Structure formats: C-alpha cells, structure tokens
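Participant: Look at Swiss-Prot and you will find LYS194 tagged as active site, proton acceptor, backed by sequence analysis. The NADPH binding site feature in Swiss-Prot is assigned to SER15, TRP16, ARG36, LYS110, ALA143, ARG258, VAL282, GLU284. Residues or ranges marked as sn-glycerol 3-phosphate binding site by Swiss-Prot: LYS110, GLY139, SER141, LYS194, ASP247, SER257, ARG258, ASN259.
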Amino acid sequence: MSDPTQKIAVLGAGSWGTALAALVARHGHPTVLWGRDAAMVDAIDRTHENPRYLPGIALPDSLRATTDLQQTIAGASWILVVVPSHAFTETIKLLAPLRPAGAGIAWATKGFEPGSGRFLHEVARDILGPSVPLAVVTGPSFAKEVTLGLPTAITVHGDDAAFAQVVADAMHGPTFRAYTGDDMVGAELGGAMKNVLAVATGVADGMQLGLNARAGLITRGLNEMLRLAAVIGARPETLMGLAGLGDLVLTCTGDLSRNRRLGLALGRGQSLSDAIREIGQVVESVQTADEVMRQAEQHGIELPISNAVRAVLHGEITPEAGLKELLARERKPEYPQTLFT
C-alpha cells in the first residue's frame, strides 16, 4: 500500500510529466513538478492547469510547480524523471548531487541515449552509481486520458523489487493499474521501438492503405521487437505485455500519438519539417529510429520495417518506395524456430 507521507518530485512539465504528477498528487502524495518554462510552470502552480499541453483539464490543487530544481528535490522520497530522451542524461546529471540519501530514481522517458544508443538505465546507473534504486515506468498510456481519469494499465520495471513496488503503489488507484517487473531492458526496448513502428502504421494510414495493412505492420513490428529482444537479453514475455504489445497497439492506432501523427502527415505527402512543426512537441521516433538500427547492425539482425522508417525520416526514400521495398522482400517463415528459445 502506498505511503501518503512520501514526497514525490517529478522532473518535466510536459504532458506526460504533468499527467503523472497529477496522478500521484490525487493519491495524496505531496508532489512538486519541475519545469524550465517559467510562464508555464507559473500557470500550473497558480491556475492548476497546463495550458500548453493539457488545456482545459483541472489539475489537483495540492500539486505544486516550480523552476527551482533544488526546491523540487529537497526531501523527496523518490524522483520521477519525465523528459525527452535527448534531455535525459543532462537531467540525471543535474539531479545527482541534489538527490536525498536513499531516494530512488524512476523515469517515464522512452527512447535511447542519442548518439551512443545506450539504454537509459545504463546511463542512469553510470551517473548515479551502483547503489541507487532505479525503475522505468512504461506501457500504453496517453497523458490526456490519464489526467481525465480514464482506465489505464502500465508497468514498472526495476532492478530493485521493493523500489519498483513503491513506485507502482504510488500510481495505482481506482482507474490506474500499475504492475511490476524486473526486465528493464525489455521494458525500455518496447517503449522505444513502438515509437518507430507507430510512424510506419501512420504512414500506411496516411496513404489510405487500409486496415489489413495496419494490422500487418503492427504484427510484423512486434516480430521486430521480439527479434531484437532475443539478442540483447530482454525477455519475450515483457514484449508480449504492456511494455511491448500494449504500448505498440496504442501508439500505432491512437491519434493522440505524436509518432503516429507524424506518420500520417508523411503518408499524406507533408514534409518532415512541416509535420514536426505542426505537431509542436518532441517526436521521439526521429532520433530513436537511428538508435534502433544501430542496435540491429551491432547484432547483425534485419529489422525491415524499422529500417524503412529510418530511411523515410532521413529523406533517403519516399513512403511509396519504402512500401514497395517491404512488399518485394523475400518470404520467410513467420517466426524463426530459435526466437523463443
């Protein structure tokens, strides 16, 4: 059961950071939300609304917001990082010297470290040292629906079972189910790859290729997740659960997904720059596609859908050419016999 006396610090005042801060605040936890944009943070603190990312949705009166990182973290029982993947390393470095003794670090960031392609738990462990409890929060969850109190299920995977349970308990409530696990590699892989695959289904829908094409891309996309999972030490059941299949289905079919919307725009003939400008928020797939293919090349495996997305995002091929290449590939058994062994 969650301890309501725990102070929780949430770093990142975008849509997902705000939604999770509001969630734990509603469950009775003293919660402070940190952001860099002074005007937006002030609006959250005074009016209890995030006018940029969650307009018109009331946030708990008890939720505080500030641009002062030290004030946010001071006295926190644990810290939740919810920033884009390109800001993750910097944020962990900023919080490291301010972290109260014993406070674990969780994050709801999805993606890899840009440039290195490292998993985020590897980045956090290198910066924070061997003794700090770590956990990743992931699964099929749109910020708007969580903030509105609509039913949601996520999972918390950590290298410290007790800390993962603390995080899950703080989030779990009448309309929000939080499960736990210990496969951080699988949990982070699913959360990253689904963004790339959502672009593929968005492109197909933008080109009006039909529901059969969408279902085929989702299923073969899951195959690519499992193929990469098998060579990097992730467990297949993690990818068949909320962290993989669940998040994949949501992101590939729900128009609240920024990555799906990017694909829709590209499939309708829009340029990448125009599509990103229209979305107006960070679209993780643009960076993540490169890192997914870096992992694939390191391990000598083929990920044709992910590679096609990467090529389209770099302007190397058109969506039409990418589709033609995928349809022309040599047929193989649906699943290699070794995939689940």
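Heads up, the Cβ atoms here are built off N, Cα and C, so glycines get one too.
Are these features on the surface or tucked inside, and what touches them?
Facilitator: Around LYS194 (active site, proton acceptor), the same-chain residues six or more apart in sequence whose CB sits under 8 Å from its CB are LYS110, GLY221, MET225, GLY244, ASP247, LEU248, THR251, CYS252, listed in sequence order.
Within 10 Å of the C-beta atom of LYS110 (NADPH binding site) sit 26 other C-beta atoms, taking all shown protein chains into account.
Cβ neighbours within 10 Å of GLY139 (sn-glycerol 3-phosphate binding site), excluding its own Cβ and spanning all shown chains: 24. Under the three-state DSSP scheme, GLY139 (sn-glycerol 3-phosphate binding site) falls in the coil class.
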Participant: How big is the gap, in Å, between the Cα of SER15 (NADPH binding site) and that of SER257 (sn-glycerol 3-phosphate binding site), rounded to a whole number?
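Facilitator: Here the two Cα atoms lie 12 Å apart.
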Participant: Round to the nearest Å and give the CA-to-CA distance linking ALA143 (NADPH binding site) with SER257 (sn-glycerol 3-phosphate binding site).
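Facilitator: So the Cα of SER257 (sn-glycerol 3-phosphate binding site) lies 10 Å away from that of ALA143 (NADPH binding site).
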Participant: Which binding-site residues (GLY139, SER141, SER257, ASN259) fall within 10 Å of GLU284 (NADPH binding site) by Cα distance?
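Facilitator: Final answer, ordered: ASN259.
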Participant: What whole-number value in Å do you get for the largest C-alpha pair distance within LYS110, GLY139, SER141, LYS194, ASP247, SER257, ARG258, ASN259, the residues recorded as binding sn-glycerol 3-phosphate?
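Facilitator: Taking every pair of listed residues, the largest Cα separation comes to 16 Å.
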Participant: Using DSSP with the three-state reduction, classify VAL282 (NADPH binding site) as helix, strand or coil.
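Facilitator: DSSP assigns VAL282 (NADPH binding site) to coil.
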Participant: Considering only the binding-site residues GLY139, SER141, SER257, ASN259, which fall within 10 Å of VAL282 (NADPH binding site) when distances are taken between Cα atoms?
Facilitator: ASN259
Participant: Between GLY139 (sn-glycerol 3-phosphate binding site) and TRP16 (NADPH binding site), what C-alpha distance do you get in Å?
Facilitator: 12
